[in-house]
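Undergrad: Below you will find the structure I want to go over with you.
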């Protein structure tokens, strides 16, 4: 009983029609745009690439967590506050209490993932929308962060982490760069520019791949693999697509959702730790608005706000678009406030396009 | 007479002061399609949820192949070979046919600590099972949302059969479907029955029930009105028992027998 009304789909169309399509088009557009208006401004030199690469990587780290959580059917609005909170926890434990950095970092991960689990637990047990529960934690965590840092240091910025991190066995994972030798060699043979004077004379302007970028790539690859290739990934889709239908066939929906809240908290803590290691300080106002930026990346990447559909690769491209636009406008010498206008425009455009693509794939009406 | 695959003996279910089921007896034999008819509110949903392990009966005994059982979760019922296909909750439209088919029981390959879904195997089995049910998919990766309602029901039935269901409970599988899709689903029920599975077909459409049913039980206000074999009862009598007779008989007179 083959149905004559189903048209055969061409291989090209099948390869094209995927959740990331909108983000792929957007990425190409953004790159072409900035090649044209800022191609000669140094935006695409090694240093320029590092500049927007790091910014994009920051977005990507939190976008991966937000993406998997959104596909599982939930939101986390406490990501930004969690970033501030995790940073202050690390700084207080290491600088104020004198604990080694590695222990402070582990403690921050444990505490933040426990809060993530609490978020998930409350959402599951109360049946309230995660929007409300995590909105509460947006305020609770931000308030606690400011209170804790003023209580222990009488200020909202805690410095001295860099000194404490010297020679630490874990801190290098979150700060600094890798492949220094390779980049030095690239500098020596002239592929990358080198400093021509000053104390770093002869060193390449980009001295390696920042750990932040390594984390971003690692998380994107892990998230993509988990979502598309594993049993757990199938459960993430199922939990967000229709939790009740998933329960009826034995998918442990509650466990999946709580684990995704914990993973989002993990990503936020990675972000916070990298930031603390880079600046050598923690501040109570770090991570402001990051929750929305993460959600924007995910939505540009083709995910459905109501869950059950999306792509980690798409979210990563969303983060890339975000980073390139933010830094590109700076390189182009545009008024920096225009960044938000541009971003809002991209957001609307991406969502309309993604809605159309999704209808083609899923037959939803 | 052999042992029924599943036997519900004088089942009662109370929700607080409400008696949803007041002593219902029901069984299904191998290779039989037993239709459970009832109007909205007759207790059909409560009854199937009791059979499929969602609710625990307040009183009465359940037996699977002659053994007393007490299910504490839908999982227990599934392990005992009782699969339920719910009308709206059978499938997740945004996910592919393969992902839906294997949901909760994905086949895996592994290398060291890494385990991943064996999509090649999963896709092949899905295509084979679907074509044995008479549906040729364009591709196993197509989203369930692109299938018709009847095809979705069929995917859910094929899934239950593949995972070793001995008893298949179908909750109003035809009530939201068009004529042609309904006949496809009824044909699928017939196919499943012939493979030796016991089918419990819940419906309030007498014509659909008469098309495939071997036995008929009518549920009304939490009570059964007895079970009839095929050929022993007329569609009009079933209709009367479901609706409580009277008013519908009058209505039927004025509508000329179209209800």
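Keep in mind that glycine also has a Cβ here, set from the backbone N, Cα and C atoms.
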Undergrad: Have a look at A:152-169, A:170-187 and point to the one annotated transmembrane segment in TrEMBL.
TA: A:170-187
Undergrad: So are the transmembrane segment (A:21-39) and the transmembrane segment (A:337-357) touching or not, going by 3+ C-beta pairs under 8 A with a sequence gap of 6 or more?
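TA: Answer yes: the transmembrane segment (A:21-39) meets the transmembrane segment (A:337-357) with 3 or more Cβ pairs below 8 Å.
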Undergrad: Under 8 angstroms, Cβ to Cβ: which one of A:105-124, A:131-150, A:292-325 has the largest number of such pairs with the transmembrane segment (A:337-357)?
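TA: Out of the listed stretches, A:292-325 contacts the transmembrane segment (A:337-357) most.
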Undergrad: Among the recorded stretches A:105-124, A:131-150, A:170-187, A:208-227, A:292-325, which has the greatest number of Cβ pairs closer than 8 Å to the transmembrane segment (A:258-280)?
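TA: Going through each listed stretch, the top one turns out to be A:105-124.
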Undergrad: Which stretch, A:51-72, A:131-150, A:170-187, A:208-227, tops the Cβ pairs under 8 Å count with the transmembrane segment (A:79-99)?
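TA: Result: A:131-150.
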Undergrad: Top stretch among A:51-72, A:105-124, A:131-150, A:170-187, A:208-227 for CB pairs under 8 A with the transmembrane segment (A:292-325)?
TA: A:51-72
Undergrad: Give residue numbers and ranges for long-range contacts of the transmembrane segment (A:51-72): same chain, 6 or more residues beyond its ends, CB-CB under 8 A.
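TA: Same-chain contacts beyond the ends: 43, 79, 83, 210, 212-213, 215-217, 219-220, 222-223, 226-227, 236-237, 239-240, 256-257, 260-261, 263-268, 270-271, 274-275, 290-291, 293-295, 297-298, 301, 303-305, 307-312, 314-316, 318-320, 322-324, 326-328.
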